[in-house]
Each structure stands twice: as C-alpha cells, then as structure tokens.
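Per TrEMBL, the features are:
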COMPBIAS  23-32  compositional bias 'Acidic residues'
COMPBIAS  33-59  compositional bias 'Basic and acidic residues'
COMPBIAS  551-566  compositional bias 'Basic and acidic residues'
REGION    1-59  region 'Disordered'
REGION    546-566  region 'Disordered'
TRANSMEM  189-211  transmembrane segment
TRANSMEM  231-250  transmembrane segment
TRANSMEM  271-291  transmembrane segment
TRANSMEM  297-315  transmembrane segment
TRANSMEM  336-353  transmembrane segment
TRANSMEM  359-379  transmembrane segment
TRANSMEM  391-410  transmembrane segment
TRANSMEM  416-434  transmembrane segment
TRANSMEM  446-466  transmembrane segment
TRANSMEM  478-502  transmembrane segment
Amino acid sequence: MEMRETSRRSPATHFVDIHEVPEVDEEEEEEHHEENKPMQTAEKQEKRFNKAMKAREVKRPNRNFSRQVSLETGFSVLNGDKRERKALPRSGKSFGGFGSAYATGAEVRKGDFSIFKTKSTLVKQNSKLPLRKESGIDLQYNDVSGGLDESVNESVPAGRYFAALRGPELDQVKESEDILLPKDEKWPFLLRFPIGCFGICLGLSSQAILWRALATSPATKFLHITPLINLAIWLLALGVLVAVFITYALKCAFYFEAVKREYFHPVRVNFFFAPWVVCMFLAIGVPSSIAPNTLHPAVWCTFMAPIVFLDLKIYGQWLSGGKRRLCKVANPSSHLSVVGNFVGAILAAKVGWAEAGKFLWAIGFAHYLVVFVTLYQRLPTSEALPKELHPVYSMFIATPAAASIAWGAIYDEFDGLSRTCYFIALFLYCSLIVRINFFTGFRFSVAWWSYTFPMTTASIATIKYAEQVPSVVSKGLALSLSFMSSTIVSILLVSTLLHAFVWKTLFPNDLAIAITKEQGKEKKPLKKVYDIRRWTKQSPLSFVSNIGKHNSAEHNSQIKDNEVDK
C-alpha cells in the first residue's frame, strides 16, 4: 500500500518570484544595518538548528515555496527566452504584489491632476482610503485608489530644481528626468497658468509711467503728447492686472500645492514680488484726471506690506546660509526681489514719506550690490544660455535704473548718485544692444514680458536725466529708448494675443512644477528591508539552480524511502 501511495504521489510544483532587483543605495544599507542586526542573529541560530537536524531528517511532506511564480518562467529565463512575459495577477499579499500595486498606482498617478489640488480637498477625498502597512513596508501609493501619499506634496529642495531642470528660468525638464504628470496630455488651465503671467502687467504698467513722463516732462514738452495715451495704457494695465490676479487667486484656491511648488522654485519665487510692484507702478503712473498728485499714505502701506514680508523671508534665506543661500539660487530674476524696494521708495516719496523711502532705498541698494557681484561671478562659469532664454540679460538694467529714479524722487534732484546708477544701467543697456543677435530667432514665451519693464525703466531714467542735463544728445537718447521700449511692448502684446486666441499656444504644460521630489524615486517604490534584499539579490538563474538542487535532493530521499519500504 505504501508503494502505491508513493507512486500516486505527484511531483511538487514550486513557485518562485523573479523580479528585477531594485537598486540598493549604500546610505540605505547603512540605515537599515542597525535595524537588521536582530534579524541576522536569528538567521544564524536558525542555520545552526537546521544543520543539527539535517542528520536525523525524516520523511516530510512535499513543500512549496511561498514565492508565487511558476518554474516555467524560470526555465524560460534559463533558456534565454526573450519573449515578453505578462505579469501574473497579484492579490497584493506576496512580495511581488507590492511591486504590482506600486506600478498600478504610478500609472494612475500619471493622469491624476488632483495631486496638486488644495491640501484640504485632497485629504477629504482620501480620508476613507488610509495607507496600508504590511511586513513593515510603507506603501507610498494606495493600490486600490491610486492616490498619492501626502509626502509627495512636501516642499521640493532648491537643489532638486537645479538638478532636474535647465536654463536660467529653470522651466525646461531634462530628458533624463520623469515628471508627476503626463507630458502628452493637456493639463487643466489653472495648472498651466504660471505666476510669470504677472510679467505682462509689469510691462504694461511701466509703460503707463513712461507715457505719463513723456506727457508731463519739460524735456519732452516739444512733442505735445496727449495725456489720453497715459490714461488708455493705465486702464489697459489695470484690466490685465485684475484678470491675472483673479485667475491666479483661483489657482491658489484650487491648486495650492502647485502654487507652493512655484514658491519653492528658485526662479519663480522672485515673481511673487511682481503683483505688488505692479500695483505700485499703477499708483505712480495714475493719470492726473483720476487721482491727485499726492496720494494717501495708506496706498503705500497696503502695497508695501507684502514686499516687506517677502524681503524678510527671501533675504533671510540668503543671509542664513541654508540650502537656499544666494550663491545657490542666484539668477537674473533675483533682481525682481530688489527692484521692489526701489519702486517702494519712489511711491514713498510720492505720498510724502521721504524717510521711509530712504530706508527702502538703503535696503535695496545693499542687496543689489550682493546680487550683482554674485551674478557677475557666477554667469561666466555657468553653462551657456539657450538661445530662447537670452532676454534674461535685460534684467540687469532694471535695478540700477530704478535706483537712480528712486534717489531723484526722494531728494527731488537728479544728483551725482542718481547719475552714477543711471550710467551703470546705460552701460549695461548698450552692452546688450551691440549683441542684438542674442534676441533673434527664438521661441515666444510669456516670461518675456518680465524683461520689458527694465527697458522702460531705463527710458524713464533717461528722461529724468534729460530734465537735469538738457541737451540734444540727452533728449534724443530719451526719445530713442522710449520708442524702442514701446515698440517691443507693442510687438509682445500682439504676439501674446495671437498665441492666446488664434494659435492657442500661450499656456503650454508647466512641466517645472511636476518634477519628482527625489531623483529616481519612482524606481524605488519599497523600503528595502534586509529580508527582502536577501531574497531579491539572487539572480533568476540562481533561483532555477537552487530549485534544481532541491528537486534532486527530494528525489533521492524518495528513492531511499522506497528502498526502506521494500
């Protein structure tokens, strides 16, 4: 009877998981070394126990591996089968189940725009789907809903933006990088609406100041320019500001996580000064038919308070020497954070608070020197700028030109210090004009508007200089620069309207906000614990050879048992 039972006994089917071995960082190995010491000790004791019991091993029922992939897959690897193999369906309870669950979550994540929605909304959506924790492994993605862990929405380090993006604007994703959202799918409009759109308001509001100066300045009185041009441009700038402000406010309401990513962006953080600088531009260039020449100080307090808050935050990061210190995040857009102080000084003089204007001028000039020297030291050693980003050089003109206007407004005289700052701006302007090829043959972008107001600011400073030093040369220079800046703004306005309403290409997908927090994070879905590494470090061939040895050992034991039975 025993012989019959033995003959009826079918050979065991063994299952082994064969997966790609995830890369193991040395830092992660050291991290888990201390945690795995008790596990290693237990393994050693288990080996000794098994060695002692091997001599007196008795007949045991057939055993199956707990890893659930058939031997056929292993033999196909051994025989060099290169055909595509579909992953076996998983229940999520095996080791392989974690990998499949992660893959499913990643696929869902690729089209899930809710990861950038306001945090309170996201928490409400996922309140009934808590993350699972199995075998001491934290799942980053929920394999049922595909929802992301809240850690994805944590702040991205400044160095990560420089590592994943390229160009001074840091708006182009490197080819080796992956992003959190699909590139080939059109994103929601609010996600595609960057804070750089306030640059349009900067260009138009500064033009309102320019045409007010052309209409009222003694140096250009012979032109007989009507104040209606100033009124029309001012109203246009105000309407654009209201539209952009409302749109970006909606983005803050519905996609606040995306706004946070823009704030932590080393370049775009400077554009958070832009809305308040635009408001002060409009206050300075307001037509006389709408408001009197002397404004109420409350106007200055309202628009200057956010800039002071941002100054304390941004300049504090530069001074503290942390991960966002100036030498790490300095770029030409950093001039925007300095220009706000000089524009605030001009408005302070206009409302009658000269001392407040002197205070802001001192702060702005001190930080301008630091930014100017840092950029001069850094740019020659940096990678050459892509051709489509060459307009970034015009940002060097804005700060010294605004400093000269502010000093003249505070002391009511375009004296020696004002002229010094103006001559610095004029020299930088000329150095860009002789390199006119820098600004031809590149693709249009809404970020260009941010580089129109430096030219307009230089034109206004030239008009102030012509008032103090009236001559044919100074007046001709003022007219030339004013005509050039107005022409460029007009061309950009027409191009913007065409891209927005005709070609509908003004707002492409904003890839810069969708980079991953850590490089290669998508390729490491699991926390690597020692027991997982011990199984997965073996190659598929070693798994097959081990199975072969195990089968031969069992076959020999069965023969011996049969001989004993006989």
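Any Cβ shown, glycine's included, is placed from N, Cα and C.
Whatever TrEMBL says is automated annotation, not expert-curated.
Within its own chain, the transmembrane segment (189-211) is flanked in space by residues 113, 116, 181, 225, 229-230, 233-234, 236-237, 240-241, 244, 247-248, 250-251, 254-255, 258-259, 262, 268, 271-272, 274-275, 277-278, 281-282, 284-285, 446-453, 456-457, 459-460, 463, 482, 485-486, 489, 492-493, 496, 507-510, 513, which lie at least six positions past its ends and keep a Cβ under 8 Å from the stretch. Between the transmembrane segment (391-410) and the transmembrane segment (336-353) there are 3 or more Cβ pairs closer than 8 Å, counting only residues 6 or more apart in sequence, so the two stretches are in contact. Within the same chain, the transmembrane segment (271-291) packs against the transmembrane segment (336-353): three or more Cβ pairs sit under 8 Å, each pair at least 6 residues apart. Among the stretches 231-250, 297-315, 359-379, 416-434, the one making the largest number of Cβ pairs under 8 Å with the transmembrane segment (336-353) is 297-315. Long-range Cβ contacts of the transmembrane segment (416-434) within its own chain (Cβ-Cβ under 8 Å, at least 6 residues beyond either end) map to 393-394, 396-397, 399-401, 403-405, 407-408, 455, 457-458, 461-462, 464-465, 468, 481.
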